[in-house]
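Structure first, then comments.
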Amino acid sequence: MKVSIYGAGRVGVSIAFSLLHTSLVDEMVLIDIDKKRAEGEALDLLHSSSMFKSCNIWAGDSKDIEDSDFIVITAGRSQRPGETRLELLGDNVRIMKEISEDIVKYSPNSIIINVTNPVDVLTYFIWQFTNLPSQRVIGTGTTLDTARLRVLLSQQCGISPASIHAYVIGEHGDSEFVPFSNATIGGLKLIDYCKLCENNSEQGFCLNLKIIEEKVRKAAYEIIERKGATNLAIGAVTARLISSMWRNEKRVWTISVLVDGIYIGYPSVIGKSGVEKVLRLNLSEDEEKKFQYSRSVIQKSIEEIKSKIF
């Protein structure tokens, strides 16, 4: 397997390091505007690869992405003092355009995974710029948020996260939400499981769903406040996404996927060739309203970029 990663910052390197642990990667290319940094990170990763399957890792240029199985995008710049959100977004869309042109020129058969935020908006523009099948252009979406949710439920319920089927959907951002009506543990609705749980209250319900949902939504802010950035968990999640596709596991992930004309976090089956099926959830009336609102947030950003930048 060959993986090319645009962006050798903390997120890009965390993804690369997590990929080494899978022992599936034969070649890995790091591409960054700061070539010297990319070379240093590549060398450090190369030395660590001796602990895993042998992997050829180097800092390259756009042409080196040729014949990549997966291209991961973590590139982008941060907000400058006094700069508006739209100005920043416009610049990052332009960066995505340059990368998209590289992909079309050198490796048009790759599966593209975008990680750069706002992930849903930027993944949409990558899809537009490359004109590749949407099945092969995805974003990490709410996969990390879903992982956070399952950890919180696991701690509360005393059940392995692997046995908890609950998802965060919508925008990877403040409008994301949890459709708890679809959440299950061992085939039981989450609410029904709570009646059997040793932690249950007199009312037969041990979870404050609003608090858990808010903790998931605020998790990134909490981490950034303490360490300045989130990188390890998204690194693990992205590497797991790649290994899942490479092994053709056909697992369900809440990736950013094309749904009714825009990219948004939604449960989808992914395999060797990318997205195989988008699973339409049976949402409650309130959940449907939340989903449509989240969708409108993404749509608004897309329309702003189209009208003011291009």
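Every residue gets a Cβ built from N, Cα and C, even glycine.
Site annotation (Swiss-Prot, ligand NAD(+)) includes ASP32, ARG37, VAL115, THR116, ASN117, THR140; from VAL11, VAL13, VAL93, VAL151, the additional listed residue is VAL11. Neighbours of VAL11 (NAD(+) binding site), defined as other CB atoms within 10 A of its CB across all chains, total 25. In the three-state DSSP reading, HIS165 (beta-D-fructose 1,6-bisphosphate binding site) counts as strand. Proximity to ASP145 (substrate binding site), judged by a C-alpha distance within 10 Å, picks out HIS172 from the recorded positions VAL11, HIS165, HIS172.
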